[in-house]
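Input: a single structure, listed below in structure tokens.
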Amino acid sequence: MDKVQQQADLFGKTISPFVASQPTNVGGFTDQKIIGGSETTQPPATSPPSPPSPDTQTSPPPATAAQPPPNQPPNTTPPPTPPSSPPPSITPPPSPPQPQPPPQSTPTGDSPVVIPFPKPQLPPPSLFPPPSLVNQLPDPRPNDNNILEPINNPISLPSPPSTPFSPPSQENSGSQGSPPLSSLLPPMLPLNPNSPGNPLQPLDSPLGGESNRVPSSSSSPSPPSLSGSNNHSGGSNRHNANSNGDGGTSQQSNESNYTEKTVIGIGIAGVLVILFIAGVFFVRRKQKKGSSSPRSNQYLPPANVSVNTEGFIHYRQKPGNGNSSAQNSSPDTNSLGNPKHGRGTPDSAVIGTSKIHFTYEELSQITEGFCKSFVVGEGGFGCVYKGILFEGKPVAIKQLKSVSAEGYREFKAEVEIISRVHHRHLVSLVGYCISEQHRFLIYEFVPNNTLDYHLHGKNLPVLEWSRRVRIAIGAAKGLAYLHEDCHPKIIHRDIKSSNILLDDEFEAQVADFGLARLNDTAQSHISTRVMGTFGYLAPEYASSGKLTDRSDVFSFGVVLLELITGRKPVDTSQPLGEESLVEWARPRLIEAIEKGDISEVVDPRLENDYVESEVYKMIETAASCVRHSALKRPRMVQVVRALDTRDDLSDLTNGVKVGQSRVYDSGQYSNEIRIFRRASEDSSDLGTNTGYYPSQDYATSHEYESESRAFNTSHRNH
């Protein structure tokens, strides 16, 4: 027991300058009391036991009440200490030596010595001494000469077991000597104040009991022995630290490279997505621009075909596109085998043709400089040339005569209408040309001239009755398509025999939409410019300019009268009062129906080579079409049904019996013609042929006016 006491005294003399501090002074090191070791001094009763030796578990030394408790070293966050446990005196936390020289005085005997310690300049107060004092700390382990050596390699020990220590036995003390100081001290790790990311955490310390215990890492090295292997262990620790540092740097570099590659990949993907969206946007915009014509309430295509008559092509409008025309969903060819025309460029958004745009040079080349020898007719607002395209297809080129605003509107109207209308009995538009002041429309060339040519041409064979019936039915179907199946309806406004073209099979095709107008309401349209041809004008249109679809019905009735009688609409070679076909035919039609004698109204050139029932049917149809009252006239659908079927013709009468319809008064008709002439006096379209081919004017305005005046005088005398 005495030997143990001596070792304790020696231990107290050795480390007392580093562990004694006032308990209340936590901010830093202050004056320390060092108790000199005497053989009679006992450790305090409340001091915890010293750590066990490597071989056997040690017990805390016996307690004594004579020694006062030492002060605790400074701590940034002082652990909670139970009030019943005063601080121990033997095993304080590791305290590396100050950079200053050793204490100025040493303890002698039992008298305490006060040694001032300067406060360390640490950012936060720590439980451990400044790192600069670690290398100067004297090694408390005794060597053979009992000389303290500095600790070269600070080591860290695992936390001691939580079980209470028992005092060391005499056998262990006698056999092994005094316990090593390294086993009694907590680990002293080098502290780097410049690395806040790696704070030094103390292991379990006997000063704080359970409250001061910090869980030790599983990778902590095992306690080194007191032999010379400490240096090797320290070098190994440094090597491991360097290896860990290199691994951390490599891992950070890999993470940085991965992050950089990820950012680059995301950027490239974003750019590709943006380019894809932009491409889709521009493609759709281009398609919309190329396939959609400007919205106009006046030029809209039909939604579908509803008339169940032979020769119609049934189209269906695409849903959701109010501007799409009937041709958008039409078959590749029409009923005549003509190719379906596609949409064009933005310059030709109103055109729907396969060859949408022609240059002026191209048209000049195929017409040899628009030579007069290529002229095949003169239309309502220009000449018509025949040309051969480069692929050998013949076309009819209609030139706009005037560059006025009215002529341009007519040109645009015809382009927009014809490009959207495709029917077996309607002329197809091939293309157009706009070059400075020149405007051209290119139509499919119909080779067999016009109905006017075959009916009234000189030195020509007589047109057979069967062909006349076929022509009447075909023209009626084409006109019915314009009225019934285009929305809004299209009013041709210049139906006449010279605007009905014939192909090689004598199938009729209605042409010349230069004077066409659209009627977008059920109400009549008042035109500011009366246009048409003498002999075909409806009375209400000639007198007031009121335009309806029944105006076209009246004009078509005049065409039927031409087919029946073979006479011209206005023939100045006829006797006075009989120059107008309508005035001459109406009383004779009524008489033929009542008496059953049609010999006076049928074309004598046929020489009775006709079907009488068909003649009667056409006579009744023509009589209903030329009624004075527009409301009493049938619609074109009824006309088609009357001509093309064997059904009863009662629907043509509209409640009017034969002979009860108001008959034209010759004087009244002449007055209406004079009003019409004054309204359109400046129009160059009147009295001209609007088809492809030339035909003679039926009457000059001078002759017609003088004859009408003479006829009115004789009529009043009667």
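From the backbone N, Cα and C atoms, a Cβ is placed for every residue, glycine too.
Swiss-Prot marks one residue of Asn75, Asn254, Asn328 with the annotation N-linked glycosylation site, and that residue is Asn254. In Swiss-Prot, the annotation N-linked glycosylation site falls on Asn257, out of Asn257, Asn323. Looking up Asn231, Asn712 in Swiss-Prot for N-linked glycosylation site, the annotated residue turns out to be Asn231. Using a Cβ-Cβ cut-off under 8 Å and counting only residues 6 or more beyond its ends in the same chain, the transmembrane segment (263-283) has no close neighbours at all. When the recorded positions Asp494, Ser498 are compared by the number of other C-beta atoms lying within 10 angstroms of their own C-beta, Asp494 comes out lowest.
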